[in-house]
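*Asks:* Here you go, one structure.
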Amino acid sequence: MATAASNPYSILSSSSLVHADSAGMQQGSPFRNPQKLLQSDYLQGVPSNGHPLGHHWVTSLSDGGPWSSTLATSPLDQQDVKPGREDLQLGAIIHHRSPHVAHHSPHTNHPNAWGASPAPNSSITSSGQPLNVYSQPGFTVSGMLEHGGLTPPPAAASTQSLHPVLREPPDHGELGSHHCQDHSDEETPTSDELEQFAKQFKQRRIKLGFTQADVGLALGTLYGNVFSQTTICRFEALQLSFKNMCKLKPLLNKWLEEADSSTGSPTSIDKIAAQGRKRKKRTSIEVSVKGVLETHFLKCPKPAAQEISSLADSLQLEKEVVRVWFCNRRQKEKRMTPPGDQQPHEVYSHTVKTDASCHDL
């Protein structure tokens, strides 16, 4: 005991070096490389689950103990020491650590993020790149554990880390629409077919002598769907939507078939005439007759029924034709006369009221 007290360095010069460990007592060679000693102790401190544990012997190095100062100023750290077999094995184990162990927890410590050491101890991995075990302090970031703090993770890893709602779902819209389109191709006509049918329908309708309003009324009589003259006009002009054109095409096609099949027999013609109002023949008035009517209009813009009858007999025209001509002439005069000016029919005072039906023509 006295000898040990008188020679405090006898422990360092002994043939064996003994230090405390969590698993028990381990002996080390006095000529063992301090770098290898630190790496072997670190490897023993890593359990099977991949979580490195803080070794109390390594922690004591950062407390400024005698071993810390001795190793920091040792000439072995200043000279170039080639890595041994244990160094290569340690680097290979750290480099080939499985990704699921590294991503096990966001608080898992990376070998590059261990506590600082006073000496720059480093090892070389299997790829030949230096791997600092103790000299890079810091904390790990989730998703960047295997790639350091500056290099982003691969694209596959970033995709897996996204929330399921944020991930792009597989595009099934095109497949669904393509399936529906293939299913409806047999029933839905193309735009070229609709254009060709509209052209043929207009030609056949004019040849048969029916107006667009007649067709709309006929569809209501045949199928219960009354269409206006505007709808038939927009169909012929291809101004309806594609969906409405497809709905109206079979109805008009049936009407054409019915009209073509009933052209020869009088009974069928009467049936079609009853379905819709047949177009009346346009009346053409000669220039001489029109001059007589103009002269009479300047004298009396609103003739009575007896005057219309006598005028129709003298001109050999129908009474309805004369009445409609006067009605249309008054409307024309009203359009041509600026507002506020006195119109010709206001000069003459007549007690006969104009028939309201003349304005419909």
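Just so it is clear, glycine is given a Cβ too, placed from its N, Cα and C backbone atoms.
Annotations for this protein, taken from Swiss-Prot, read as follows:
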DNA_BIND  278-337  DNA-binding region
COMPBIAS  119-131  compositional bias 'Polar residues'
COMPBIAS  165-183  compositional bias 'Basic and acidic residues'
COMPBIAS  343-361  compositional bias 'Basic and acidic residues'
DOMAIN    186-260  domain 'POU-specific'
MOD_RES   Ser265  phosphoserine
REGION    99-131  region 'Disordered'
REGION    144-192  region 'Disordered'
REGION    334-361  region 'Disordered'
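Mind running through what each feature is packed against?
*Replies:* Looking just at the domain 'POU-specific' (186-260), the mean pLDDT is 86.
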*Asks:* Kindly report the helix/strand/coil residue split of the domain 'POU-specific' (186-260) according to DSSP, in that order.
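*Replies:* Here the numbers are 57 helix, 0 strand, 18 coil.
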*Asks:* Please spell out the DSSP helix, strand and coil residue counts for the DNA-binding region (278-337).
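*Replies:* Secondary-structure breakdown of the DNA-binding region (278-337): 42 helix, 0 strand, 18 coil.
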